[in-house]
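So the structure is just underneath, and the comments pick up after that.
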């Protein structure tokens, strides 16, 4: 099979985009299967740069500010197309998760614009303000080889496979997923999503990790996946652990290869 080059963008309007790119490069170096592929990692600030990308990370920051800057720079609608229409692999961390959600609780007065595409309701600043930020060891069974989470269309809620070493996750004014929505659920006050809903025909939302929970019960949801979209409440880019970046890159590459072969 041909090894296609892959361009991964990181939205560079706010947040730890430099740290994301650094950890992506380290993840490639640490993974023999990834190291064999030519990668380009790109800071994305406008629609032309986004158009060069095969996959994308929307980093943390302040979600309302990110949405406003994206709209003013003409990037918000291209982002919606990238995620919701072209369905390219996209990962949102912290504020990025908020922007990718279909609904948001505790939004600022007047609501906020969203990219959307992920059938979840997210609660902003669930744990409190900056002073309440913390680190915690979190079980992430989806990082195990052979996990059900390697299949984006899998309907299982709890990934299977042996649980790897817990991930030391950094939570900074972190959101949580407060609800997995029924497909096609309507948006409510506090969030604004334009364009088509992912609803009908969309794959199910996979709950990949919970904070202080066991299996499918208890604990706040802090990692989810639905089709091409992956979201985390925490900041893997602010750690030295490359596992989440390596896992996401591997999933993205598989999706990109399938799409290119299907189009050939």
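We count from 1, first residue shown onward.
Note that Cβ sites are derived from N, Cα and C of the backbone, with glycine treated the same way.
Bear in mind that TrEMBL entries carry predicted annotations, made automatically and left uncurated.
Site annotation for L-glutamine in TrEMBL covers 61, 62, 63, 172, 173, and the matching candidate from 123, 124, 210 is 124. Under the three-state DSSP scheme, residue 173 (L-glutamine binding site) falls in the coil class.
According to DSSP, residue 237 (active site, charge relay system) sits within a helical segment. Minimal Cβ crowding within 10 Å, among the recorded positions 124, 173, 235, is found at 173. Within 8 Å of the centroid of the Cβ atoms of 61, 62, 63, 124, 172, 173, where the record puts L-glutamine, the same chain has further Cβ atoms from 60, 94, 95, 98, 125, 175.
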